[in-house]
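Peer 1: Got a structure for you, written out below as structure tokens; questions coming shortly.
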Amino acid sequence: MAKGKGAESASSTGLLQPSLLQQDELRHAKKESKEKLSVCSKLCYAVGGAPYQITGCALGFFLQIYLLDVAQLDPFYASIILFVGRAWDAITDPMVGFFISKTPWSRLGRLMPWIIFSTPFAVISYFLIWFVPDILSGQVMWYLLFYCMFQTLVTCFHVPYSALTMFISREQSERDSATAYRMTVEVLGTVLGTAIQGQIVGQVDTPCIQDSRLFGVTNSSVAMEEVNITRDAGSLTDTRNAYMIAAGVIGGIYILCAVVLFLGVREKRDASELQSDEPISFFRGLKLVMKHGAYIKLIAGFLFTSLAFMLLEGNFALFCTYTLGFRNEFQNILLAIMVRIECVSTWHPFP
């Protein structure tokens, strides 16, 4: 009888095992389905990458010529503003990243509050960059202050947004797919920023000093009279208004993208469980990163590529305007170039 009971229990155990395995597989399948991101979630996440690219392109291509022709600053001070702003941007990246890592979790998450609360202040500071104050003696400090302020606030938006990739899903394939959507939208953002800023500003003629040799007169006073006509206050006012309209449109897109990101993406705290519980010091982490050869090669390639692009965007407007004489066609040339670059994203399908 004991032997029969043992055989019966073994038989019942053998019958229960397949059902238990099926239940485990079913639970695992349900868990995987929950981890998968919908196309809508991926698109909402991707839209969040547009503000950084739109504002970056508008500032990179148009800020220098704006400071010289519209704000009418001395070239030396214009270069100082651009250099200090870029240098300050490099400082704020690790600084903001450090503060984000020390931020406790809230009901909205750890990263999303940085994105939401920095957005309105970033839009205001961006708009004030394209505003010409009446204080002639303080214009340099005005642009320097708000340019650095915007660089700080947009860093408070973009650094947590970049880190958000690790908190939208536990599945590596889903994070890779969301990143592909994000990269495509960011490329579209560069085109959109160039198109909005260029086409709105291009509707008015930016005043400039023309060469006196273009006038068929020998009387210098008559030539200067003609020059003054080209620099009338009405034309300059129209140009200033055009820059502010473009800034308002881009600011509205900035806010819209932030709202879409907030409503369409959920920051998952359990995704942070993938990280090690053992804290790593800054210098130890830096040492580990610098020992990774593939990462160093990637960063070096990114450095030189970014440097080439920044040199191009910083001087392309001046080159087309003053060297080639394409003042009225500059925005169309720039848009055509950016559209061709955007076609690169169509080479690879979405994963």
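Cβ from N, Cα, C; glycine included.
Straight out of TrEMBL:
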type	residues	note
TRANSMEM	43-64	transmembrane segment
TRANSMEM	111-132	transmembrane segment
TRANSMEM	144-168	transmembrane segment
TRANSMEM	242-265	transmembrane segment
TRANSMEM	294-312	transmembrane segment
Peer 1: With pairs restricted to those 6 or more apart in sequence, evaluate whether the transmembrane segment (144-168) and the transmembrane segment (43-64) have 3+ C-beta pairs under 8 Å.
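Peer 2: Between the transmembrane segment (43-64) and the transmembrane segment (144-168), which are separate recorded stretches, there is contact, as judged by 3 or more close Cβ pairs.
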Peer 1: With the transmembrane segment (43-64) as the reference, which stretch in 111-132, 242-265, 294-312 has the largest tally of C-beta pairs below 8 Å?
Peer 2: 242-265
